[in-house]
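Database features (Swiss-Prot):
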ACT_SITE  Ser124  active site, charge relay system
ACT_SITE  Asp182  active site, charge relay system
ACT_SITE  His209  active site, charge relay system
Amino acid sequence: MAATETPGAAQKRVLRVLALHGYRQNERSFWERTGALRKRLRGRADLITFSAPLLVPDPDAEPGAGDPDSLQDESRGWWFSNPEQNSFDAMEESKTCSGLEAPLDTVAKAFSELGPFDGILGFSQGAALVAIICALKQQGDPRFHFDFAILVAGFKSLSTDHAKHYQQPITVPSLHVIGETDRVISAAMSQELVSHFENPVILMHSGGHYVPACAPQKKVYWEFLDKFLT
């Protein structure tokens, strides 16, 4: 039975946030991994997940190449740092990669078919892609309309193909979530990405490579999101 609204009462707006998963994850696994965060944000923001376009052929990649504890059913990624082996390592410098056309088209399709969105969130490789999307938005790319970005365990892509996206300071309002004991994406790697944003909000937590959602972090999430609810 539907709830009855009080006459004249203003309905509270809930932010819609497009969420990009990490390497070797997918829509379903990231939905499960963000369960605690979605609970903390209930009534303020809804997360909408979707899968990256590239299938990862080898789920047993070398340590440090991807995100641990992911469901292996349809492991996916946004791009490969080594196109010949269809693999990705955030610490691998590469002159070429699998390209951004497919992932950007996938995200643009999500904006078109699932949007509109108030913000965009990314985890690990997804956060690296979010940073690039922020740069494209700033340059006037008409496919991406949003007001803020949340980057969890983000890093700067080491592919020379992506270097152009870091040439100008990124002015999109951003919250960067960094794990002090993250052994997959070190805090130093995340801080390097932060340096490319103007006036970033930084949330440090004592944990590792995951999306934190305990009470202390909730306060920071809320304060950041509330700026866009007015």
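Glycine is no exception: its Cβ is also placed from the backbone N, Cα and C atoms.
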Cα separation, Ser124 (active site, charge relay system) to His209 (active site, charge relay system) (Å, whole number): 8
Length of the line joining the Cα atoms of Asp182 (active site, charge relay system) and Ser124 (active site, charge relay system), in Å: 11
